Structures are given as C-alpha cells and as structure tokens.
Amino acid sequence: MTYAIHESLTLLSQKQNLPEELTFTVVQDLLSGELTPAQIGGLLLGLSLKGETPEEIAAFAQALRGAGLKIKAPAGTLDTCGTGGDRSGTFNISTTAAFVIAGAGVPVAKHGNRFASGRCGSADVLEQLGISLKATPESSERHLQHIGMTFLFAQVYHPAMAKVARERRELGIRTIFNLLGPLLNPAGAPYQLLGVSSPSLLPKMAKALQILGSKRAVVAVGEDGLDEVTLTGATQAILIDGGAIQPFIIRPEEYGLNLCSLQDLQGGTPAENGQITLRILQGKKGPQRDIVLLNAGTALYAANKAAGIREGIALAAESLDSGKALSILEKLKASA
C-alpha cells in the first residue's frame, strides 16, 4: 500500500477533504497501476460519500491531463463538453450547437464520449452523421485549423481512464470521474460552455475551472435539471473570467425566445438524434433550433466573440441561416 492511498483512505474514512498535493499523488499512483481494485473503489466511494471539493476535482484533472494525449489548437478554441448525467433524454443540444459556434467563427474542439445520460452521447450522434471517431491527433489538428471544428473522442485521448472502468462499473454510482470529461480537453480549450446536472455542482465546477486556469467559461444548469442552458425556464449560470467568478441567471424570454416543455426537446436513438441535428442545421424552425441558438449564443459570449448573449444568439442565427453551420458538418464528413 502506497503512502498516498493509505493517507487518502484514512482522511476519507473521517469525511475529511484531501489536500491538492495528496490528491494529485494518489491519482498518479492509480494511473501507474500501484493501487488495487479495492483501494480504487474505496477512494472513489469515499470521495463520493464525502462530496468532492473543487480542489480535489482540479487535482484529479491535472493528473489525468498529464497522462492524456494532446493536440495543438488555435488560441481561441472552445469546448461545449458537459458532465452529462441529467437523464433527461433530450437530443444532443451542445453537440449541435458546436457546429453553429464553429460556423460563427470560433474554433470548436468538441471533447466527448458515448452516452452517459439519455441514450445517445456526442460520439454516438456524430458517428450517425458520418463523422469519423477514429481521427488521429494529427488529423484533428488539421480539422481544427482548416475547418474550424474537430471531435476529440475521449477513449482515444485518455486511455488511462480504462484503468478504472471496471471499478466504476462495479460501484454503479456517480463518482468523481463523471465530472472530469469537461476538464480534460486534449486541445486545452481556454473557452468553455460547461453544462452540469445539479445546482450543487455549479460552484464546484466553476471553482475547479478557475483553479485550472480557464481563461473564460460559462458553467450552467437549467432549473429543470437540464445540463444545458434550458428553454423551459431559467438557467443558473456562473461566468468565470480569469480570476473572477460571477453568478447570473439566463432567461430565454429576455432574448425573444419562447419557452417550451422538456417534451419538445426529447431525442431518441442515435439515428433519430442525428436526424434532429441535421434538420436544425438545414434550417428547421422551432424549440429545438431555439435551444441550440441559446446555447450557441451563450458559448459565443463565453468565447468573447459576442459582447452578450443577445449578440451571441444573433451570430448563431446567422451561422445557421447562412448555411455556415451545415457547411462545417459537410466538411468534417468529407474529411472522414
């Protein structure tokens, strides 16, 4: 038993928080294969029962970043990866928004995986749309540079995550690893729109982003529990801008968007969700388009492309109506 895991389990058994340096060391021990399955399970369960701190989340992310593959990216790159886990069954809102954001001129390094909530993750829907999940890091760099968007499949860039797959599966509960995806972008995206599935995660993830040196980001959770900027009502959000953290509320009706029901946003199988995304990019109007505009507009504000969400929504609408967003999809398909 390593010193780090012994000390960590001792502290967790007393419901005490782990110091950042100790957390970083114990994750390194985990990644190097020095921990037994029982120790890994105890660590993850202990953190979950105690409640993970922003410092613990950031230390996990820093250790995993060091173990993952990386790509070079333009300075203004953004990611729309969220935590998932809201179990809402909506279509792939942030993935669809990624095409719109890229069409508006902000490079998007979309980090994602197969489904974590609902029935369809970003990888599942992009695969249905004809985008290769097997792009090499070199190809992804080219896509980002010349097309303005790429998909970074988490399984390719973070093979070390496989070291805890069995323990996570056998525990069967949410663990700290469910929070890490948005913090592990291989392109090091300095801008983010990060949806979380619970109001309790909002300040934690915002603080973790601040610790990790995020340039500017918006963390959001809908009052309906959606891990997106929602269209059914208000969204609680936090803007991280360098060293500052600023809470605010997003109300769709203030931007001329009609409220809808969760039923209006429902998705289905990967094939069905792919069709929803395609129809939006082809110009279909309605609540599905509107929630994509709202999320893309918020992301463009986070990326400093727009002075506010209202201007961001206008830029997002132009991206869709001009065909630029659809063109991003077509170029990515052609490069597969």
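In case you wondered, yes, glycine gets a Cβ from its N, Cα and C as well.
According to Swiss-Prot, the features are:
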BINDING   GLY82, ASN113  anthranilate 1 binding site
BINDING   GLY82, 85-86, THR90, 92-95, 110-118, SER122  5-phospho-alpha-D-ribose 1-diphosphate binding site
BINDING   SER94, GLU228  Mg(2+) 1 binding site
BINDING   ARG168  anthranilate 2 binding site
BINDING   ASP227, GLU228  Mg(2+) 2 binding site
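Within the same chain, residues at least 6 positions away in sequence whose Cβ sits under 8 Å from that of ARG114 (5-phospho-alpha-D-ribose 1-diphosphate binding site) are GLY121, ALA123, ASP124. Under the DSSP three-state reduction, ASN113 (anthranilate 1 binding site) is assigned to coil, being neither helix nor strand.
GLY82 (anthranilate 1 binding site): 29 other CB atoms within 10 A of its CB, across all protein chains. Shown are the binding-site residues THR90, ASN113; the one with the most C-beta atoms within 10 angstroms of its own C-beta is THR90. Each of the binding-site residues ASP227, GLU228 was scored by the other Cβ atoms within 10 Å of its Cβ; the lowest score goes to ASP227. In terms of Cα spacing, the binding-site residues GLY82, SER94, HIS111, ASN113, ARG168 that come within 10 Å of GLU228 (Mg(2+) 1 binding site) are GLY82, SER94. Using a 10 Å radius centred on the Cβ of HIS111 (5-phospho-alpha-D-ribose 1-diphosphate binding site) and all shown protein chains, the other Cβ atoms total 25.
In the three-state DSSP scheme, the residue listed as 'anthranilate 2 binding site' falls into the helix class. Put simply, GLY82 (anthranilate 1 binding site) is 9 Å from HIS111 (5-phospho-alpha-D-ribose 1-diphosphate binding site) when counted between their Cα atoms.
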